[in-house]
């Protein structure tokens, strides 16, 4: 069954290194916690706030083994007053036999405040 897995993180500085570190950590945790293989992933959508400009977060997906054919895209997050700054969000579309409630969504760094109901609901 097709499932969507959400995640978000923040960076301390708008640098390529910070974006790479945060993006790789976020996607790694999503993959590990949901026991995903590249073949199960249909697509990965990233959005970022307007202050994340040093590079595209999606480019780091290519560093994952087997992900060279997974479609990825970056989008600009809506500009909303008081939104969390320097934020990178992700939506992973995948095939999974897990029930919707069993999916592990991942929120890291300052992004944990976005969905406290989902943050570390189970460890």
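Any Cβ shown, glycine's included, is placed from N, Cα and C.
According to TrEMBL, the protein carries these features:
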BINDING   6, 89, 107  prephenate binding site
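Annotation for the binding-site residues 6, 89: lowest Cβ count within 10 Å of the residue's own Cβ, 6.
Residue environment of residue 107 (prephenate binding site) contains 22 other Cβ atoms, counted within 10 Å of its Cβ in all protein chains. Those residues of the chain, other than 6, 89, 107, with a C-beta within 8 angstroms of the mean position of the prephenate site C-beta atoms are 7, 8, 9, 90, 91, 105, 106, 111, 114, 115.
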